[in-house]
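The active site, proton acceptor annotation in Swiss-Prot covers His308, and the record cites similarity to another entry as its basis. The feature UTP binding site is assigned by Swiss-Prot to Leu6, Cys7, Ala8, Gly9, Gln74, Gly79. What Swiss-Prot lists as N-acetyl-alpha-D-glucosamine 1-phosphate binding site is Thr80, Gly130, Asn142, Asn158, and the listing cites similarity to another entry. Positions annotated as acetyl-CoA binding site by Swiss-Prot: Ala384, Lys401. Residues or ranges marked as region 'Pyrophosphorylase' by Swiss-Prot: 1-204. Annotated region 'Linker' per Swiss-Prot: 205-224, in sequence order. For 225-411, the entry in Swiss-Prot reads region 'N-acetyltransferase'.
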Amino acid sequence: MDAIILCAGKGTRLHPITESRPKPMIPIAGKPILEHIIEKIENHVEKIYLVVGFEKEKIIEYFNENPKIEYILQEKQLGTGHAVLTAKNFIKDDFLVLNGDVIFEDSIDEILDYENAVALSKVDNPENFGVIELGYDNKVINLLEKPKKEELTSNFINAGIYKLQNSVFGILENLVPSERGEIELTDALKKLIEIGKLHGVELNGYWNDIGHPWDVLSANSHFLNKIISKISGKIENNVSITGNVIIEEGAVIKSNSVIEGPVIIKSGSIVGPLAYIRPNTILMENNFVGNSSEIKGSIIFENTKIPHLSYVGDSIIGANCNFGCNTITANLRFDNKPVIVNIKGKPVKSVRKLGAIIGDNVKSGIQVSFMPGVKIGSNSLIGANCLIDSDIEQESFVYKKDELVITKKRN
């Protein structure tokens, strides 16, 4: 049996983090979402076909040494069904299909027992997903895409993991494209439901559909809480390390710094002196966190510099960023209500604590503050003394004009 993992989409709801990388390559607890998925299935399959598109080179470069993996290019993203069809000539038997942005802990053993099956997750907000209704013997009897609350008949949702027979390719080829001109895998599932040939299998462990920035932070926190301490880097005098902490070889923790796990600090990173790294934080390769700076509950991508007297909380900071002294990310509203984030032009309630979401190659001057939930597009420059309270598009230059009054000193 082989597997198909769908990795071609642009992940626009996760901009600016996905402006320059595929969503499956976002790191969760130090490794890409896609690597987590592959680790769950690679012992069950002979070949893994990654359907790639946007920024495909970053996926290929990372996984190039895995002999089980082959790549299929989806030149135009015309739906999940179309993505599966691109693998038709490579699949000769039953196969798995997985969305490249779902992260889960449960074994897939049970789903393999059926000819056609979809994994299910039980959630509190099923109206935001494709809802699955089960009948006798775990047969799927209905699938509703993002129904209204009054239409809900189940708390089970489509978890984006499927085991299918080869014959599903024939169903996909005969589907009528949607109004958007796309061929959707869920439409093929509905055909299987009509003939009573689709079963549902509940996932009992952790599952997360990484669709929003706060989902990234939530998943990161969950998997960081599974790590086991391993200190391989250089630790200077008077450093306090508590909880489970991984410090890779080549990392340096300078004197009088405090690290509270779960935390991962990857190779080449320098922390301190007098820095404070709080729980649920990951510093990717070659980061710098300077004197008297504090990082809490955040993901800091590689080659980023957060210098002295700065605070980054509940934030995602892209690669190759360089902040000025006293950069602050606010992460909490006065009224303690969920932070509102602009997602594809619409205000969306996120979580109670959320800082800034900053793309790659962003530079800020001294004393820049970011209000909760703001997004800063890649390759932007933020001038000194700015308070950023709204989203900034990529390739922007933001600066503040203050009138400087100069007069002669009176005797």
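Heads up, the Cβ atoms here are built off N, Cα and C, so glycines get one too.
Between the alpha carbons (Cα) of Leu6 (UTP binding site) and His308 (active site, proton acceptor) lies a span of roughly 41 Å. The average pLDDT the prediction assigns to the region 'N-acetyltransferase' (225-411) is 97. A 10 Å radius around the C-alpha of Thr80 (N-acetyl-alpha-D-glucosamine 1-phosphate binding site) takes in these recorded positions out of Gly9, His308, Ala384, Lys401, in sequence order: Gly9. Long-range C-beta contacts of Gln74 (UTP binding site), restricted to its own chain and to partners at least six residues apart, with a cutoff below 8 Å, comprise Ala8, Val51, Val52, Gly53, His82, Ala83, Thr86. Other than the site residues Leu6, Cys7, Ala8, Gly9, Gln74, Gly79, same-chain residues with C-beta atoms no more than 8 angstroms from the centre of those residues' C-beta atoms, the UTP site, are Val51, Val52, Gly53, Gln77, Thr80, Ala83, Gly100. If you draw a 10 Å sphere around the CB of Cys7 (UTP binding site), it holds 29 other CB atoms from the protein chains shown. Remark: secondary structure over the region 'Linker' (205-224) totals 12 helix, 3 strand, 5 coil, with classes taken from DSSP.
Cβ-based neighbour count (10 Å, all protein chains) for Thr80 (N-acetyl-alpha-D-glucosamine 1-phosphate binding site) stands at 23.
Asn142 (N-acetyl-alpha-D-glucosamine 1-phosphate binding site) sits 56 Å from the residue listed as 'active site, proton acceptor', taking the Cα positions as reference.
Looking at Gly9 (UTP binding site) and Lys401 (acetyl-CoA binding site), their Cα atoms lie 40 Å from each other.
The Cβ of Gly79 (UTP binding site) has Pro177, Ser178, Arg180, Glu182, Ile183, Glu184, Leu185 as same-chain neighbours under 8 Å, each 6 or more residues away in sequence.
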